[in-house]
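Noted in TrEMBL for the protein shown:
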type	residues	note
TRANSMEM	6-26	transmembrane segment
ACT_SITE	His98	active site, charge relay system
ACT_SITE	Asp128	active site, charge relay system
BINDING	Thr185	substrate binding site
ACT_SITE	Ser202	active site, charge relay system
DOMAIN	248-340	domain 'PDZ'
Amino acid sequence: MFKDTLLYLSKAIAFGLVMAAVVLAFNHFSKSSVNLFQQSDDLQRMSFNTAVRKAAPAVVNIYNLGMSQNRPLNKSKLQGLGSGVIMRSEGYIITNYHVVEDADEIVVALQDGRKFSADIVGLDFDTDLAVLKIEGDKLPVVHVDLSSPANVGDIVLAIGNPYNIGQTITQGIISATGRTGLSSTGYQDFIQTDAAINAGNSGGALIDTTGSLIGINTAAYQLRNEGGGHGINLAVPIKLVYDIMGKLIKDGRVIRGALGISGEEVINPVVGQMLKIANLRAVVINSMETNGPAAKAGLQPGDLIIKYRGEVVMGVTMLMDRIAETKPGTEVTMQIVRGSKIMDVKVEIAEKQVSYPDRK
C-alpha cells in the first residue's frame, strides 16, 4: 500500500514538473511572439516625417521672373529653374550655378507661400554653386552638422521641386563618396546617391534621417548618347558647400591658384622605389599654357610632378586641390622627375581665370 502511494505521488510530482515546464516555455514563446509582432509593427510604421518637417521649410523653389508689360511680382509669369536651401537667417540661399546662370530676374518661393526677389551674391562655376540673398523676416534655416560625415550605406532624402510640380521628397542611400571624373566643371568630390534627382531638384537639399543637410543636389549623371544616369545622382558635400558659400559671401567669387598645366596620373613603381615612396601616384605634364606659371618656371611636357610644397603628390585631384588652395602670387617649390634626374623647381602661382556669361 505504501509503495502504491509513493508511486502515485511520484507520478503526480513528475506530471506537475512537466506541466510547469510547458507553461514556462509557452510564456517565453508568447513574450517573444509579442516582441516580434511589435518589432514588425514598428518597421511598418517607420517614417522619415520628422526629418522632412525639420528640413523641408528651408528648401525653396527658384524661378526666373518674366516681367512682361511691367506686371507686378504676384502677376508676372514665373518660369521654374530649380531649388535652393536657406542657409542663414539673414537670407543667404545656396543653389547651383547652372540653375541661375541665365536667369533675368530671380524669384524665390518659400513653402509658406511667401515670394521674394533675390540677388546673386556670388557664382562658382568649378563647384556648380551659387549664393543668393533675399530680404525677409523669420526665415526657416536648414540644420547643418559639419561633424557628422556622410557614409556609404546611410539613408538619405532628396528635397526639391522636380519639373516644377511642387516640393517632392525622394529616398535612397549614399552609394559612394568622393566620386571623381564625373563633371565637366573640374569638381571631383561628389556624393553619389540613388535618391532620384530630376530636373528642378538641382540646388535642393540632400539630408540625413535626422533632418541635417549633408549635400546640395546637383544632377543625375548623364551617360554619353543616353538619357538618365540610371540611379547615379550627384550632390556636393556639405563641407565644401560651406567653404564655397563663405568665400562667395565675402568676395563674390572664389579665388583659386593656377599652375597653367594639364596632366594625368601616372603610377610609376620604379620612381616610387627610387624615392622610397609607396604607391606613388605622380602627375605627368601633358600640356602647358603659353606664358603660364609652369612655362615661365621652365617646366616641360613630360615632367613628372612628385611633390608640391614638400607634400607627396597622390594623384591629379590632390595636386589640383593643393594648387587651387594656394594664394595667387605665392612662390612654391615643386619636386619633379625629368628623365632620370630629380630636381626642385620654384613656381609663382597665378590666379585661375574664370569667365562668366554676361548677365542681361
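Indices start at 1 and increase along the chain as displayed.
Placed from the backbone N, Cα and C atoms, the Cβ positions cover glycine too.
What TrEMBL says about a protein is an automatic prediction, not a curated fact.
The two recorded residues, His98 (active site, charge relay system) and Asp128 (active site, charge relay system), show a Cα separation of 6 Å. Cα of Asp128 (active site, charge relay system) to Cα of Ser202 (active site, charge relay system): a span of 10 Å. Across the domain 'PDZ' (248-340), the DSSP tally of helix, strand and coil residues reads 25 helix, 33 strand, 35 coil. Note on the active-site residues His98, Asp128, Ser202: the fewest other CB atoms within 10 A surround the CB of His98.
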